[in-house]
Each structure stands twice: as C-alpha cells, then as structure tokens.
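The following features are taken from TrEMBL:
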- 22-40: transmembrane segment (TRANSMEM)
- 85-106: transmembrane segment (TRANSMEM)
- 112-133: transmembrane segment (TRANSMEM)
- 145-162: transmembrane segment (TRANSMEM)
- 196-216: transmembrane segment (TRANSMEM)
Amino acid sequence: MNPAAQTSAATPVGKRVSSIPLWAKLAYTAFVTVLVPYYLKTYGPTNFLYFCDVALLMTVAAMWLESPLLASMPTVGILLPQMFWCLDFLVTIIGHPITGMTAYMFDENLSLFARGLSFFHFWLPLLLVWLVWRLGYDRRALVRWTLLTWVLQVVCFFGMPAPPAPADDPNLPVNINYVYGFNESVPQAWMPPGTFLTLMMIGLPMLVFLPTHLILRRVFGGKQEVVSSE
C-alpha cells in the first residue's frame, strides 16, 4: 500500500495529514529559487518553455499543494526522457556516451555552478516518482500533460527560433522541445517542418507518455480520492 492510501485509511475524516515533509518542500523550493533567476539572466525566459523546466516549476506547486494531479503530470511527461538523460550521463562518465546529450555536463568551459544546477535533470525524475508514491497517481495526468505539451510545441514552433543559436547570443534557446528536429545546429530536412511537428505531437503521447502512464497506473494505482472536510 502506498503512503497516500495509508494516510487516508489512518486519518479521521476532516483531518488532513501532510504527505510531503516540510524539509523536502523547503529544500526543493530553495533550489528552484536559486535556479530561476540564474536561468533568466543566462538563457532568458523562453528557456522555461522546455518540458523539463515546466516540470521543474510544476513540481513546486505539486509539493506545496500535495496535489496528485500536479505531481503525476510531469512524471508521466518526463520520466522516460529524463531517465534516458540519466543513462547517457552515467555512461559518459565511463567514456561511452550514447547520444552526447549530456556532454555539456563535462565541459570545463561551463561553470561548475551552472552544471550543478542542470544536474536537476538527473534527480528530478526520482523526486517525481517519490511524490507519486507519496501522493498517488492521478490518471488524468496523461491527457492533461499531452494537452499542455501540444500548446508548448505549437508556441515553440511558431514563436521560437530554429537552430542554430545566433553568434551574438549563443545561450539563446533554439529548437525548444525539438520542434525543428533533433539537431541543435540545423533544422531537420527529412520532411516539411509542419509534418515533423505533427509527428512529434502524435509520437510523444503514443510512444512516451502512454507507456509511462500505463506503468505508473499499474504500480501506483488510480487517482486517490479526496476526503472532504465538509
């Protein structure tokens, strides 16, 4: 039985017991409070259109509100991609990178502070799984996260720059959420840009979000029912 169910069974009706320790909420909030201004100054506000950064910010609300839905949405969305990031990071340590997506974490030209902040890609999926374990998995997360990512993809495709980053602003986020292809240097040329975007909007929910949803639903159960205090 997960902690959410245990708490619900052991707590009298009308009395709510916190599922997330205060120290965890404060520690995570402190980290985000440091990261946000640094990223705003270094990369600009459009950096927070990345799925992983949206998940990072949503997790703050999920922890303080102890919302199964807000914890489940980023979990269903980024768990598999970020676990792949973790794998690439670990094998890069031993000199066998898979994709090179984490090569920047070993770039001595980047400050250790910046790389330390970016290390949230490693531990955030673990934190999210812990939150879902504590709060329960809300099955509405699949549809809600899919709708959110569709909005973000359309915004990034029509409103954000394609690669490469301009020489006079190399930190400018381009090709946000890979809407222009999987190469950060040039847009993909395999097919019309709109076709690629459409395939991404279909492929992510079918190949990434849905399998994650099915796993989380099986492991952590359905939505936890909220006991009304009225």
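In case you wondered, yes, glycine gets a Cβ from its N, Cα and C as well.
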Any chance you could find the range in 22-40, 85-106, 112-133, 196-216 with the most Cβ pairs under 8 Å to the transmembrane segment (145-162)?
-> 196-216
With the transmembrane segment (22-40) as the reference, which stretch in 85-106, 112-133, 196-216 has the largest tally of C-beta pairs below 8 Å?
-> 112-133
